[in-house]
Amino acid sequence: MPPKEEEPATPTRKEKRIVRDENRGQWSSKTEFILTCIGYAIGIGNVWRFPYLCYRSGGGAFLVPYLLMVIFCGVPLFYMEVLIGQFSSTGCTGMFRLAPLLSGTGAAQVIVNMYCVCYYSVIISFPVRMISYCFSSTVPWVDCDHSWNTDACVQVDELAKVVNGSSEKLSTSADEFFHREILRLSDSIANLGSLVWEQFASLFITWIIIYICLFGGIKSMGKVVYFTAPFPYVLLFILFIRGITLDGAWSGIKFFIYPEWDRLLDLKVWADAAIQMFFGLGPGWGGIVNMASFNSFRNNAKFDSIFCPAINVFTSIFAGFVVFSVLGHLSERSGIPVATVATSGPGLAFVTYPEAIALLPIPQLWAVLFFFMLFLLGIDSVFVQLEAIISSILDEIHFLRNHKKKVTLMVCTTFFAISTIMCTNGGMFILQLFDWYSSAIAVIVICLVEIVMVSYIYGIKNFLFDVEFMIGKRPSWFWRISWQYLTPLILIFILFTSTIFIRRITYNSIAYPEWAICIGWASCVSSVMWIPLYIIYIMIRKRETMCDSLKKRLKPLDWTPADPEIQSEYNAYRRKNRMPEFMSETSGGEETIK
């Protein structure tokens, strides 16, 4: 009889849990990664939030706390996440193989991204809608001769009446255009009203564009960013040249950059700088880790992690010159101070700046350029957040890996359906609510968990050892001090101040009811709650004693490079340096790592 064939070995429990995705893909070039990072980090907030914050918080003096926060918190977090993604070739859920007990943090990141993608897609659909109004003989927000206008409407060149010489409450033509025609805003979040079909169509077009750019994964996204990342700078430069040649431009720029050094003693200014840095660079969302997971293993991550934040800072400051040069002209023409016309958020992008554009020759041209720039700035961020969600799904649900295009279609369709609620008359109230509560505190908590995991659970020495193997050089003392001490302390400061200084939410001077605020806080809790819930779950289903069960899950699980050849080199390198079996700061002494 022929010899009986051996039965294949039964996979171990670990082998069942960890299955690498061999077809995950890789960037075609380093340029694609850098452009995607730039597109992700630079968003609409660079245009509608930073310039106003800088003006309000001390002008040029605001750059001192802002740059300090970038250098000692933003860049170290950015670099750490790039290193984690590049080393492991895994997304925001797989990165917690460093300490499996904290795997609930990966779920928290996915949920935060889901909230953000839904409301952010609606924000970038507004420019699509606004562009559709720019092909008439006059832009419709320049006068009060339309069906949506009220008796309280004043034209852009009569803005001085809003603050001088009138006792009645007036509204500008641009304000009425945005709130009464674009949004068709209801009187409160309790009154959602009906669907605004034109806004629904704009949102549908936006999601079609997103899907077309993403259906091929990083291969298609890597090609799209060659246009979507650099082209906004062309538009910014054109708007800058036009802006500084206008009457009153330099008075506006002076408001933007004039330093008030005494404001540095205000804790709120430092809090604003920290939060702007945090949400400008984008650590904690999982997008950076996921993008870096498609890098070449030996990529020089240090250059990328300094270059991209530097471009972000430059863009924020440059956008301030663009915005305030035009606001200075608006002040000159209307007769009201720059301090009065300067606003932040949607009001700046869709009301105040269009008001200023309406005063320029050929306003249709400048409006199209501005709104197209906003769309491009926003869509890159959606690309990265969606790809982080999709990659997390494929990392965890193995049988879907051969159906990525279908998964992408399903995810895009689902988020489009959910976000349509923000196309109703009360949709802007919902958008503002989730923008205010769902991500701000949650992402800070996630970053704090990440830095503690790397520096104190996995161990900073072990992490530096991995980096040395990957890029051939151990990070300098600056990175070690930042990861162990400075960055965690700054994150605690940001968490504390963002909670203390949070203001009661309003939109268009309409306060939100208590039940809506409870929903807002619930959206925050719905993501971060998975961090403790997963720890409790492990404690309940423990097979060993509770202490042994927790200790076991604080040790890295399959934390090696994905490529089998590099993985063999890494294991040999670890043995050569007498690394312990589980690389834990507590199990290895100083002498085990050179």
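Note that Cβ sites are derived from N, Cα and C of the backbone, with glycine treated the same way.
TrEMBL labels come from automatic prediction, so no person has curated them.
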Self-check item: Record TrEMBL, residue C144, disulfide partner from C134, C153
Solution: C153
Exercise. Report the listed stretch (33-51, 230-253, 365-386) having the maximum count of Cβ pairs within less than 8 Å of the transmembrane segment (200-218).
Key: 365-386
Exercise. Look over the recorded stretches 33-51, 96-122, 273-294, 365-386, 481-502 and say which has the most C-beta pairs under 8 A to the transmembrane segment (407-430).
Key: 96-122
Quiz item: What stretch, picked from 63-84, 273-294, 365-386, has the most CB pairs under 8 A with the transmembrane segment (306-327)?
Solution: 63-84
Quiz item: How about the transmembrane segment (481-502) and the transmembrane segment (63-84): at least 3 CB pairs under 8 Å, pairs 6 or more apart in sequence, or not?
Solution: yes
Quiz item: Around the Na(+) site recorded as G39, A41, N46, N312, L377, D380, S381, what other same-chain residues have a C-beta within 8 angstroms of the site's C-beta center?
Solution: I38, Y40, I42, G43, A229, T315
Quiz prompt | Cβ pairs under 8 Å between the transmembrane segment (365-386) and the transmembrane segment (63-84), at least three | solution = no
Practice problem: Determine, to the nearest whole angstrom, how far the Cα atom of L377 (Na(+) binding site) is from the Cα atom of C153 (disulfide bond). | Solution: 32
